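Chemist: For N112, K113, M114, D115, G166, Q167, S168, G169, V170, G171, K172, S173, S174, the entry in Swiss-Prot reads GTP binding site, with the evidence type sequence analysis. Swiss-Prot lists C247, C252, H254, C260 with the feature Zn(2+) binding site, giving sequence analysis as the kind of evidence. For 63-223, the entry in Swiss-Prot reads domain 'CP-type G'.
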Amino acid sequence: MAEGKIIKALSGFYYVLSEGKVFQCRGRGVFRKQKITPLVGDHVEFQATSETEGYIMNIRERKNWLVRPPIANVEQAILVFSAVEPDFSTRLLDRFLVLVESKHIRPIIVVNKMDLVDDQTKPTMEQYIRDYRQIGYDVIETSTITKLGVEQLLSYLEGHISVFAGQSGVGKSSLLNALRPDLQLKTNDISTHLGRGKHTTRHVELLEIGGGLVADTPGFSALELDDIELEELPLYFPEFCERSEECKFRGCLHIAEPKCAVREAVESGKIPSYRYENYISFVEEIKERKPRY
């Protein structure tokens, strides 16, 4: 039986990439009975019925899946933020980082529009980049005008399924065009406003870029922390995890507990204060969330 990855789903057909060829496949009837929907990104076993067609027989276990966009087995999220226009937002970046890490997806931070950074903004921007690198995140500085960082970003895509995410206007389309010029995506084509009614499923496709597969639809269009419990939130702040062993209380949430090593690290400047402030704002958001029944 042949194996491959679903790179596109459209009108009941699934397009499976296998050894450089694409097969147009249908799912077995048993999937419908079991209410299983094959997703873009699924690793599947299929039976070829001709040179170009086949039937999906089995879907391998998924590492993860996203609801919006509907895609499975995402390995990394390219979080695109602009240094300016719109201004760099640590709160939004930290929100993305929490969501991405909660799905066991590797985040890669891209700071775009570095060519627009002036002398006034430069020291602040450089400090942010240093901070996130020190925490352990991969940070790539890019510019689609000077082509800064484009080759470096390409090397990160190889062999992985990636989604691009980030607010509107940060240059996601321009960046994808720089990575693969023949795409010619219109700027703002990759819309961040995907929710057009509850039951609308946006067509998703994986594009081959730099030896990897990249979703043509932005990931994490819904930014609510709905699936994250208060107790797990500190786990998505790596610099908190490093120090939580030294907290007096096991399961310390680093809010108001005595002898908290994380708060001490914030006070002594070892953890950036904005990271802690963002954490506390997420704590409040989760606490205020209405219980689901």
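Including glycine, each Cβ sits where the backbone N, Cα and C put it.
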Chemist: By a 10 A CB contact count over all chains shown, which of the binding-site residues listed here is most packed: M114, V170, C247, C252?
Modeler: V170
Chemist: With the cut-off set at 10 Å between Cβ atoms, which of these binding-site residues ends up with the most neighbours? Options: N112, S168, S174, H254, C260.
Modeler: N112
Chemist: Around G166 (GTP binding site), how many other C-beta atoms are within 10 angstroms of its C-beta?
Modeler: 27
Chemist: What average pLDDT does the predicted model assign to the domain 'CP-type G' (63-223)?
Modeler: 88
Chemist: Would you mind reading off the Cα separation of C260 (Zn(2+) binding site) from S174 (GTP binding site), to the nearest angstrom?
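Modeler: Counting only the Cα atoms, the answer is 44 Å.
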Chemist: Taking Cα atoms as reference points, which of the binding-site residues C247, C252, H254 is nearest to S168 (GTP binding site)?
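Modeler: Ranked by Cα distance from S168 (GTP binding site), first place goes to H254.
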Chemist: M114 (GTP binding site) to C252 (Zn(2+) binding site): how many Å between their Cα atoms?
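Modeler: Here the two Cα atoms lie 39 Å apart.
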Chemist: Looking at the binding-site residues C247, C252, H254, whose Cα is closest in space to that of K172 (GTP binding site)?
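Modeler: Its closest listed neighbour, by Cα, is H254.
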Chemist: Which of the binding-site residues N112, G166, V170, S174 has its Cα closest in space to the Cα of C252 (Zn(2+) binding site)?
Modeler: G166
Chemist: Of the binding-site residues N112, G166, V170, S174, which sits closest to C247 (Zn(2+) binding site) by Cα distance?
Modeler: G166
Chemist: Around the recorded Zn(2+) site, report the further residues of that chain (criterion: Cβ within 8 Å of the mean position of the Cβ atoms of C247, C252, H254, C260; site residues excluded), sequence-ordered.
Modeler: S244, K248, F249, L253, I255, E257, K259, A261, V262, R263
Chemist: What three-state secondary structure does DSSP assign to C247 (Zn(2+) binding site)?
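Modeler: Once the DSSP labels are grouped into three classes, C247 (Zn(2+) binding site) ends up as coil.
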